[in-house]
């Protein structure tokens with residue numbers, strides 16, 4: 001019987017027979033550097049051929065081809081690279097390689113809604129493109145588009161690459177990835193083509209990336225490039241509350257995530273002199289904020305609006321606050337679309353530890369508690385207690401256990417330590433810092449006149465692993481480029497509210513983070529918590545910090561120090577590690593987290609230079625979540641261990657299988673990688689710990705985060721914390737958390753001096769997802785990986801150093817309010833961060 005010839009429809013409307021030879025040739029042409037032993041071209045062509053339908057368009061065929069390759073990625077990670085190349089070639093067919101023509105399409109865009117000219121790039125960028133078109137064409141290198149894996153490319157396609165209207169509601173991507181990088185470089189540096197080329201080359205080769213808002217908006221008519229905004233509640237009045245809400249709505253429609261403190265809002269039942277009535281308190285008000293966050297998104301389906309609400313635990317509405325995100329209870333007492341953080345004074349932790357009482361206060365009758373920290377706070381709080389100003393007195397542990405219960409069920413509230421954040425801040429001369437941002441890595445001063453802002457970028461650490469060693473010199477060079485770029489963004493940024501511009505130009509903070517720390521360890525064959533990995537962790541962050549300080553000092557020599565430099569710790573020769581040492585001496589804390597510098601860099605002469613000429617930026621280092629941009633560059637997220645070695649990641653752009661490429665390469669080298677091994681790893685939820693045929697060294701190297709002691713993660717956070725002048729987004733991971741485990745972790749983090757004790761608590765579902773690819777009988781035969789025991793997770797945390805805080809029963813909740821935790825979290829393209837991450 002003759003095989004029916006299938007016809008496909010070309011882009012010009014003509015039809016032609018489907019030709020497997022053409023498809024095969026196209027794949028073969030993209031196989032450079034791909035392992036042809038594991039990537040079976042013939043099988044791929046066969047499967048695609050079976051999926052071809054009569055009349056299918058060639059664009060749909062391109063999509064089928066790329067998706068078919070992508071879903072084979074669990075067989076070998078090179079399938080992901082091949083799929084990315086197939087998708088990129090499809091994009092290149094419909095876009096121009098001419099930089100000038102590409103910018104012309106964006107500049108001449110006409111809105112389908114208004115039929116008016118609606119350019120997607122700025123007039124400045126269009127003028128530069130016309131003036132320097134030949135030079136820009138020489139700078140750009142389209143071959144680098146073929147370095148993206150499919151997951152990374154689809155993330156770009158979904159949200160980052162600029163689109164134009166094609167009628168009937170259709171939006172078409174007209175920007176190539178390389179053109180996006182060039183747009184960003186031009187948006188930051190304008191006509192300084194030397195800096196444009198430098199930035200473009202480093203970004204397009206994956207050494208660093210600017211944060212998502214910068215990639216979205218640089219070079220556009222409204223270049224809002226900032227990731228994070230911190231807002232102060234203006235005042236405790238209807239005018240103050242709604243003015244602040246309006247301010248947040250304006251920021252949210254075009255910007256990143258927002259952190260806001262509510263410490264000064266009077267509690268429920270508090271007297272209102274103007275009406276002779278009583279206040280409804282925080283909870284009803286926060287439901288209004290919740291609805292605003294839902295309503296005011298950031299346009300075009302790119303990102304949801306998101307607010308993180310911070311509250312100190314002495315506030316009389318704290319119990320209702322802790323219930324707002326829970327899954328059960330009265331709807332009028334819930335606001336689940338907001339995020340919640342605690343701004344915790346040391347005194348509260350001391351009262352919990354000593355089984356003491358805790359007095360809840362109303363800021364209307366016990367004012368100024370949020371305006372002070374340290375001993376000044378303790379003195380004022382205890383004075384109010386003696387004066388009987390409290391609303392009610394409870395056992396401190398009663399509140400503590402409600403905090404833990406909320407974290408087990410929802411993953412929040414975040415835990416930030418007010419005294420550490422303030423004492424170790426280079427902005428402490430400005431006043432008391434009252435909150436962090438949506439992702440807990442930004443710690444900046446706010447007031448009714450100042451909205452704190454931060455511009456972010458992340459450095460891709462795997463790019464600095466060369467020939468089995470880490471290249472600190474190259475890391476320093478790239479960090480200085482990033483610092484100069486972020487400083488430039490401050491001046492070229494579009495600010496949604498005037499208070500943000502005022503603050504950012506005065507203090508000029510930036511936030512430099514990292515991605516791919518776990519990848520760098522894997523490339524160097526270092527298990528995550530190995531002593532050499534811990535040493536590398538310290539050296540990486542010391543190098544980043546000294547490079548950033550040095551670059552900021554060089555900028556100050558040229559342009560002058562930031563306006564409020566005088567009186568800052570840096571102006572007195574105190575950098576971040578000096579503040580850590582000073583804090584520990586003042587508090588009489590042990591010195592177990594103090595380490596000498598790595599010896600590579602000359603800190604003494606740099607500090608002398610800082611005192612002499614100043615710094616251009618008040619703050620520099622802030623390791624943030626990097627969910628979106630690490631997806632783009634193909635790295636593990638930020639500072640975290642691998643969450644799983646095989647999993648499916650769900651984002652706005654689709655569901656994608658992800659496999660640990662480093663593990664696969666090791667298993668190939670050992671001749672252990674095959675379908676049977678792949679199925680075993682899937683059956684064990686991405687763990688290799690229970691697979692005895694894998695050598696112990698490899699099993700240790702590829703432990704997933706659930707198998708790593710959280711004490712080690714906290715120790716490493718404290719080690720690098722000496723070189724982090726803002727804070728860090730530190731997630732903690734417990735498969736089945738108990739109150740005892742959580743208490744142990746929180747107190748250990750606090751005593752180690754961390755500013756952010758916990759971003760999200762990640763836990764695992766009570767039952768494994770059904771694995772449809774496995775025979776149930778085969779699953780029974782598989783050994784299970786070792787679960788974290790209490791001792792394994794925490795070691796000697798708190799042992800012999802403090803009185804054990806009382807145990808409560810294990811809370812039997814999955815982390816329903818936090819992202820899916822059977823692997824990395826479900827995201828909308830930005831993980832738990834949603835808006836703020838790099």
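Using the three backbone atoms N, Cα and C, a Cβ is placed for every residue, glycine included.
Annotation source Swiss-Prot lists active site, proton acceptor at 437 (among others), citing similarity to another entry. In the three-state DSSP scheme, residue 437 (active site, proton acceptor) is classed as coil.
The active site, cysteine radical intermediate annotation in Swiss-Prot covers 439.
The active site, proton acceptor annotation in Swiss-Prot covers 441 (among others) and is backed by similarity to another entry.
Residues or ranges marked as disulfide bond in Swiss-Prot: 228-454.
As annotated by Swiss-Prot, domain 'ATP-cone' applies to 6-97, with the evidence given as sequence analysis.
Classification of residue 228 (disulfide bond) by DSSP places it within a strand. The feature site 'Important for hydrogen atom transfer' is assigned by Swiss-Prot to 228 (among others), with similarity to another entry given as support.
There are 27 other Cβ atoms within 10 Å of the Cβ belonging to residue 454 (disulfide bond). Under the heading site 'Important for hydrogen atom transfer', Swiss-Prot lists 454 (among others).
Taken from Swiss-Prot, the feature site 'Important for electron transfer' covers 759 (among others), and the record attributes it to similarity to another entry. Look at residue 759 (site 'Important for electron transfer'): DSSP puts it in coil.
For residue 760 (site 'Important for electron transfer'), the count of additional Cβ atoms within 10 Å of its Cβ stands at 28 [all protein chains shown]. Among the features that Swiss-Prot reports, site 'Important for electron transfer' is placed at 760 (among others), with the record citing similarity to another entry.
Sequence annotations record features per position, and here Swiss-Prot assigns site 'Interacts with thioredoxin/glutaredoxin' to 833 (among others).
What Swiss-Prot lists as site 'Interacts with thioredoxin/glutaredoxin' is 836 (among others), and the listing cites similarity to another entry.
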Report the DSSP secondary-structure composition of the domain 'ATP-cone' (6-97) as helix, strand and coil residue counts.
50 helix, 7 strand, 35 coil
Quick check for you: of the recorded positions 228, 437, 441, 454, which have their Cα within 10 Å of the Cα of residue 760 (site 'Important for electron transfer')?
none
Give the three-state DSSP assignment (helix, strand or coil) for residue 454 (disulfide bond).
strand
Taken over the domain 'ATP-cone' (6-97), the model's mean pLDDT:
92
Could you check the recorded positions 228, 439 and say which one's CB has the fewest neighbouring CB atoms inside 10 Å?
228
